[in-house]
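Student: I have a structure I would like to understand better, so I am pasting it below and will then ask my questions one at a time.
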Amino acid sequence: MDLSTITFLLPNSSEDTNGTSAPRLPPHSQCASVLIVLVVTVIILVTIVGNVLVVVAVFTSRALRAPQNLFLVSLAAADILVATLVIPFSLANEVMGYWYLGSTWCAFYLALDVLFCTSSIVHLCAISLDRYWSVTKAVSYNLKRTPRRIKIMITVVWVISAVISFPPLLMTKHDELECLLNNETWYILSSCIVSFFAPGLIMILVYCRIYRVAKQRASTVFVAKNGMERQPSQSETCFVRKGKSEVESPSSHSSGSRERKGELDDIDLEESSVSNRHRNSRFAKSRKVEGAQSCPKPNGRLSWACSRASELEQEPRARQLSLSKSKLAQMREKRFTFVLAVVMGVFVLCWFPFFFTYSLHAICRKSCTIPDSLFNLFFWIGYCNSSVNPIIYTIFNRDFRKAFKKIMCRHSTRT
C-alpha cells in the first residue's frame, strides 16, 4: 500500500518532505482552544435564545403582528440556522486545525454558510425597499402590504440567496482534510460583489433617499403645525365657572396640547393604535360635552358670541385630532425605519472587514499579505452579527422589550 494513502487516511497526521507521517499540531494552545470554545458557545446560545425570542414575540404580541415584521422572523430564522448548522462546524475546524467531516459535508457546509450570510443581507435589502415604499407611497403601498405579499417577498429573498450560493460551491471539489472557499480570483470578487457590496450599496442609497423624504416631510409637518397653532388665536372661548361667564384665551390649553404631544412622541414604533383611537374618541366626546356645557343659557349677544366661539374652536380641534392620527403613523414609520437602519449599520460593520480583506486578497495576492489570524478574526466578527439583532431590538424597541419580559415571566411562572 502506498504510504501517501495511509497518511491521507490519518487525520491526526501530516506528511513531511521525506514522505513519513508526522503528528498534526493544533493551531492553538490548550488554554486558547478552551477560551475559543467557551466564547463561541456563548455566542451560539445567545444567538439561538435571542432569535427564538424574536420569533415568539412577533407571533404572540399584538403590537408586533404587523405584516412587515415577518421580515424580522425570517431574518431571525437565518441567524438561528447559522448558529446551529454553520458555527459549530466552523468552531471544530478552528480548534482542530483540519476538516474532519469529509468533502461532501464540506460542500454543503460552505454552501449553507454563504447562503445564510447572503440571505441576511438580501433580507435587509428587501426591508429597506419595504421602508422606502411605505414612506414614499404610504397609502397605496400600505393597502398592498398584506402578509401574503410579504411572504412572497421573503420566498423570493431565499430563492435569490440560494441561486447565488449553491451552484458555485457544489460544483467545486474539496480536499478531505481542508474545507476552504474557492480561491480563484473570479469567484472571490463575484461572490463579494453579489453577496455583500451590491446589496449594501442598494441599502445605503435607499436609506439616503428615505432620509431625504423624511426630512422634507418633517419640514412640511412643521409648517402645517405652526399654521394650525396660530388659527385658534383668532377667536376666544367662553367658559362658565361657578355660574359666571369668563373669556379665556386658547393659550390656556397649550400646556395640555404639549402634554399630548409628549405622549405622542413617546409612542413606540409598532404600538397598537386601537387604544389610541379609543383614547382620542373619548377625548373628542369629552370636549364636545365641555363645549356644550361651557356656554351659558341663551342670553342675547353673549349666547350668540359664545356659540360662535365654540364653533370656531371645534374646527381646529377636529383638524388637530386628524393631524395627531397621521403624526402617530408617521412616528411609527420613523422609529421603525431608525431601528432597521441600526440593524443594517451593525450588519455592515460586522461583515465589511471580512469581505474587504477577502476581496483584497483576490486583487493583490503577492503584494498584500493578510495574516491568517486577522482574517479569522474578521470571519468570526461576522458570525457575531447573528447574535446582535435581538439585542438591538431590546435596546431600541419598547414593544420587543415588553414582549420579551412577558415571555420570560410566563416561562418563569410555569417553572
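Cβ atoms are placed via backbone N, Cα and C, with glycine included.
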Student: For Pro67 and Arg398, give whether Swiss-Prot records them on the same side of the membrane.
Tutor: yes
Student: I want to verify the bond table. Which candidate from Cys106, Cys117, Cys125, Cys238 sits on the other end of the disulfide that Swiss-Prot records for Cys179?
Tutor: Cys106
Student: For the set Asn18, Asn385, say which residue Swiss-Prot annotates with N-linked glycosylation site.
Tutor: Asn18
Student: Relative to the Cβ position of Asn183 (N-linked glycosylation site), how many further Cβ atoms are located within 10 Å?
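Tutor: I count 11 other Cβ atoms within 10 Å of it.
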Student: Could you measure between Cys106 (disulfide bond) and Asp113 (site 'Implicated in ligand binding') for me? Cα positions, answer in whole angstrom.
Tutor: 10
Student: Can you tell me the CA-to-CA distance separating Asp113 (site 'Implicated in ligand binding') and Ser195 (site 'Implicated in catechol agonist binding and receptor activation'), as a whole number of Å?
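Tutor: Approximately 12 Å lies between the Cα of Asp113 (site 'Implicated in ligand binding') and that of Ser195 (site 'Implicated in catechol agonist binding and receptor activation').
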Student: Whole-number answer please: how many Å between the C-alpha atoms of Ser195 (site 'Implicated in catechol agonist binding and receptor activation') and Asn183 (N-linked glycosylation site)?
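Tutor: A Cα-Cα distance of 16 Å.
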Student: Which listed range (34-58, 107-129, 340-363) shows the maximal number of Cβ pairs under 8 Å with respect to the transmembrane segment (71-96)?
Tutor: 34-58
Student: State the residues, same chain only, that lie 6 or more residues beyond the ends of the transmembrane segment (340-363) and have a CB under 8 A from a CB inside it; answer 'none' if no residue qualifies.
Tutor: 117, 120-121, 124, 127-128, 131, 185, 188-189, 192, 195-197, 200, 203, 207, 370, 374-375, 378-379, 381-382, 384-385, 388-389, 392, 396
